[in-house]
Amino acid sequence: MFTGLGRLLHRRRWIGLVVIVGGILVAGFWGLGVLAKFKNGGYDDPKSSSSLVTKLGSTYFGSTNPDILILYSSKSRTVDDPSYMRDVITTLARLPKDRVSSEVSYWTLDEKNAKSLASADRRSTIVSLMMAGKDDKTKADNYLWVKDRLAAPGLDTHLGGAFPLGTEFGEQVVADIVRAETITAIPLFLLLVVLFGAVGASVLPLFVALFSMLGGLAVLHAISFLTDVNSMALEVVTMMGVGLAIDYSLFIISRYREEYAKALDEHMIPPGKPWKQFPTRRERRAKRRAYKRVVAPLRQAALGRTMATAGRTIIVSGITVSAALSGLLVFPQLFLRTIGLAGIATVLVAVLGATLLLPTLLAVFGRGVEWMQMPWRRRRSPKAQEDRFWFRLGTSVMKHPLPYFAIVLVALAVMAGPFLNIRFGALDVRQLPEGSTTRTVVETVQKEFPSGSAEPIDVVVSGDLIPKDWRPSRAGDNIPQYLEEFRLRLAQLPGVNQAKFSGYSGDYGAVRISVYTKYAPMDDRSFDLVKRIRGMTVMKNGYPMHLDIGGTTAMQADQMASLMRSLPKMAAVVGASTFLLLFMFFGSILLPLKAIVMNVLSIGASFGAIVWGFQYGHLAGILHFTPTDSVEATSMILILAVVFGLSMDYEVFLLSRIREEWDHTHDNRAAVARGMQYTGGIISSAAVLFLLVIGAFGLAGITVVKLIGVGMFVAVVVDAALVRALLVPATMRFLGAANWWLPGFLAGLHAKVDLREVSDVAGAAPAAPPPLPDDQPFSFRVQWAESAETPVRGTSIFANVPADPPTLAPTPPESRPHASTPRTSAPRTPEPSPAPTPPAPAPRASEPSPAAGGDVRPVGGDASIPGDAPRTPLRKAPGPDEPWRPWADGPPEPRRPGTSGGRRQIVPSPTGSGWVWRTVPDDE
């Protein structure tokens, strides 16, 4: 299926390019509409008691948190100055009632309550406004209309509250994304040039990244019609979409170049631009067109093979990452659920970009992929590749697995140590950068206004026994006795300063009592107090009343309880889905279990780094944020899902190549070493590219985004440098052949759900390269000139082809000679005219027949592509007693008399159909 998809994309490349690019541009521009739909919040459990208190407050009691909190301040005047009052009152009087439903200021309250609205030096005052409107969208539109009309003449004006906070948060998110993309664009491109060794190949991942960004916007806009979307989803989606798109592109392009090099080598076609050898422009143009026709089927076959290997792996990897993110859907918090949905859709968009857009671009670019090739870009022989760093590292781990295993485990344990002291907290204005107007308002109120830092614990008493026609008086002399007794009990609790009635609803039948304490909301004593209040009861006529506790402390307690209840469900969903997918892909029981354990180790190291850097504050000076002595809980859950998915992504890429080698060799040590040889460099390069993308988000203005970026950064570094490079090979060395063990009762099940293609299964015949076109192919076959001294690489020698050669019919594949088998051939003379193919004469006694391994090769015939790395195309024809040596291993030794020489001819095939190349010995 995947092979056919690659061939189809190559054949219909122009149609596919127009459809894909046109569709994503339309979807991307439509997705820009999501920027106006972002909302904040969604961190609480909507079914919790504290969430109910918040809803009752906004619906029945009146919210204690204003929509807009205005801070007016003066350097010379006080609130008692008539001009100060006149400037503020005049500004507020200009606001239409259909935009602002209510206002509270120092001059609208009695003397006792007005004191709380003036600063200690009486040079600042706060005004609270409630927006008019039936829904949040209407209120937000009203805020956008009035926000530029709130500045009072002669006074410094700062805006805070719910709507200014949401607007500033959204603007900061967009600014962070623009800054991150601007910072990383040029370094990312230069790094791609270094890794690919060609400018043409380096441009393609950027197109896929743009595809993912536009697709991510469209996904978020579509989700916004189903549910509210938190503004942080845009940053998370951008990080994952761009990072995965570039990673996937690296794997696809690298495998495509490898497969195309194999195809050229198998058909003995010189790479580069061989038509430039011809003296005239006319000849060069003709030979260039002929060369394109020759290599077109090879490019198509290479693309098909790439899709069958790397393409299939990317699809499985994307599904695995999506399965990890699906664990966020089990949580009741809207923030986690929306980011889970957006993350899953974004990963799938990145997969589509890598498996549809990128193959189409490869087909359209053709040899333009190698445009502006760098000097260090060259083909390597199998021996040279075996000597590379990753092969040597894999071999070293195979020889000494225990030291590597122990050292890495100790390092991971040390990194994860700070996680044992983690302390969870709530989001506050300190998440915003210093100098933020909203943060300025809140911090000024807390420092300069009396009781400015006091956040009450709201207790709501409800039930059918509360009189619906009762209204509490200002004097409080008509309060039912059982409610007054309960208020006094609350006021007598340790650490409570005051408990007073702050709201009543006859429609709902509820009363709210606000309890003011001596402690900060995140103080452990505040949590103990909330727990104690929840254990109290209110009785009337022998029946208990309902108690619901709200406020910042209660919301944090409810959030942690909700997360702890949902965490086992997440672990079950992610673990089961990941195990099932890896079982289907690799046909093993132990490998999926090992992969899950390895991912947990990476996550532990990442969490330890977060606690060390953010809770302890060691990274505050470098990343410029304000430490809060805690970390936000939902952010850690988000990192858990994202890091698990990213770690599994690299695991799939490594194990897929190891599995390919195992299917061909059934040698565990060799398979692991070769798997690291072919994927170690690619995985490390992909990790560096991904680190560059997410590292820029560590410079974001919002602290929680820095936290997510640093957590992902550390996880990728640990996973790529320690876990995948050292710990996984060492573990597989210990397990040996048990890596691929599958119980008999599961073997039949796996055969039905196996995700590998038939050609990848052990024992299946390797895919054969396609026959080359018959029109003018001879000048572009490998026609090497071999002298007795030094071979000339890339020299084109015109074959002795008849004036009207017959059509070259494909011949059955012949077995390739073994590396140690000497190759000689019987001399043959080409027919002077296209006569019927003569029967093959018997070979001389001193020389093997073509079928026995002579140097006779079908032109355009079927031959298998070996599973090893590309061979160098130039070969020295050895003598009868000489081993076969590639030219890359050094200059050939002089030939002895009587051995095969360098002239090649096209002769009738000894099998009776078609024509073949043969080497003419020197003495013939």
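Just so it is clear, glycine is given a Cβ too, placed from its N, Cα and C backbone atoms.
All TrEMBL annotations are machine predictions without curation.
Checking TrEMBL for transmembrane segment across the ranges 138-159, 314-335 points to 314-335. Mean predicted confidence for the domain 'Membrane transport protein MMPL' (64-266): the pLDDT average there is 85. By the Cβ criterion (under 8 Å, sequence separation of 6 or more), the transmembrane segment (314-335) is in contact with the transmembrane segment (570-591), since 3+ such pairs are found. Against the transmembrane segment (14-36), stretch 341-369 shows more Cβ pairs under 8 Å than any other of 232-253, 341-369, 708-727. Among 232-253, 402-420, 570-591, 596-615, 676-702, 232-253 has the largest number of CB pairs under 8 A with the transmembrane segment (188-220). A contact between the transmembrane segment (232-253) and the transmembrane segment (708-727) is present, since 3 or more of their C-beta pairs, 6 or more residues apart, lie under 8 Å.
Within the same chain, residues 316, 319-320, 323-324, 326-328, 330-331, 637, 640-641, 644, 648, 652, 655-656, 659, 735, 738-743, 746, 750, 753-756 sit at least 6 positions outside the transmembrane segment (570-591) and bring their C-beta atoms closer than 8 Å to a C-beta of that stretch.
Same-chain neighbours of the transmembrane segment (402-420): 601-602, 604-605, 607-612, 615-616, 718, 722-723, 726-727, 729-731, 734, counting only residues six or more beyond its ends whose CB sits under 8 Å from a CB of the stretch. Long-range contacts of the transmembrane segment (708-727) within its own chain (CB-CB distance under 8 A, at least 6 residues past either end) are made by residues 235-236, 239, 393, 397, 404-405, 407-409, 411-412, 415, 598, 601-603, 605-607, 609-610, 613-614, 619, 623, 635, 638-639, 642-643, 646-647, 650-651, 654, 676, 680, 683-684, 686-687, 690-691, 694-698, 700.
Sequence-distant contacts of the transmembrane segment (676-702) (same chain, six or more residues past either end, CB-CB distance under 8 Å): 169, 172-173, 175-176, 179-181, 183-184, 187-188, 191-192, 195, 205, 232, 235, 239, 242-244, 246-247, 250-251, 254, 385-386, 388-391, 393-394, 397, 431-433, 623, 646, 650, 653-654, 657-658, 708-710, 712-713, 716-717, 719-721, 724-725, 729, 869.
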